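Trainee: Below is a structure I'd like to ask you about.
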Amino acid sequence: MATSTLNSVTKIPKMELSSSSGPVSMPVMGFGTAADNNDGATLISAVLESIKLGYRHFDTASAYGTEQALGEAIAEALRLGLIPSRDDLFITSKLWPTEAHAHLVLPSIQKSLRTLQLEYLDLYLIHWPISVTPGQICMGRPFDKQDLMPMDFKSVWAAMEECQRLGLTKSIGVSNFSCKKLENLLSFATIPPSVNQVEMNPVWQQKKLTEFCKANGIIVTAFSPLGAKGVSWGTNDVMDNEMLKEIAKTRGKTVAQVCLRWVYEQGAALIVKSYNKERLKENLQIFDWELSEDDYDKIGQIKQHRMMTKEELVSAHGPYKSIEELWDGEL
């Protein structure tokens, strides 16, 4: 297995995002900050440690409650000289459904920037393809069904485009969008989405979606590449998969490394989350080896199922009457 010294910095490969203001380089591996319980001090410490190891891409959202701690960590990293400037980082945040209304998009990104203590984002995403009655942001609490409403995709996307034109973000994209929803967005977008961040791992391979995105110049970013083990909606189905364990044993790798390498070989970026220094290092040790044809045969046999179905966005009176409608049959 590849090893890493305590002070070594891994150079993470980058991908070019399409952007009307010129190419934007995004490190293929990002550090995720979504968690059921967010302790600011723990997150700050983990972010600083990850920067020392070579992480430069950090993924947050207004709903995660981690923008402030991430901003403090970035400021501390600059003070300590761990990075020469903010420009060395790639920061993503997201628009929550309660703020997915044309008149609230600009105030929402401005609020995120204030909380992060930044002048601009590198990527701003629509978090979910739905709007909710404006109100308190809280990731841990389900929306009231009567507050669910169809998103006015045209006006919300126009406001996202304006954020990019104003220089508040270098690029814009979406999260949790199906092929059908992307097709709709592409039909009227002046600036097409550069990224679609979705659940993706060997147990939910997203082949149809990745092919569609590739054909339309959209980068897929995988969240929960290890199945989100340990969070409220996650499962052990990825990390405990016997086929993946077999590959890992044969290759002298961990199951996590096999999963992350698989995502990387699909041409997708990936968001990993760990506050453990050794696992942060281990996650980076995927760039100097390849999966074999035999490994792919085994991964191809894994039974597929989506873990995050997001049933709380389904309502008889909302825009999506069933899970099938929400995901447009991509289940």
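Heads up, the Cβ atoms here are built off N, Cα and C, so glycines get one too.
Just so you know, TrEMBL annotations never went through curation; they're auto-generated.
Here the structure is a predicted model, which means the values were calculated and not measured.
Quick paste from TrEMBL:
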- Tyr64: active site, proton donor (ACT_SITE)
- His127: substrate binding site (BINDING)
- 29-302: domain 'NADP-dependent oxidoreductase' (DOMAIN)
- Lys94: site 'Lowers pKa of active site Tyr' (SITE)
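Help me see these features in their spatial surroundings.
Mentor: Here the Cβ of Tyr64 (active site, proton donor) has 22 other Cβ atoms within 10 Å, regardless of which shown protein chain they belong to.
For His127 (substrate binding site), applying a Cβ distance below 8 Å and a minimum sequence separation of six or more within one chain yields Ala61, Ala63, Lys94, Leu95, Trp96, Pro97, Ala100, Ser175, Asn176.
Cβ neighbour count for Lys94 (site 'Lowers pKa of active site Tyr'): 27 (other Cβ atoms within 10 Å of its Cβ, all protein chains included).
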Trainee: The domain 'NADP-dependent oxidoreductase' (29-302): mean pLDDT?
Mentor: 93
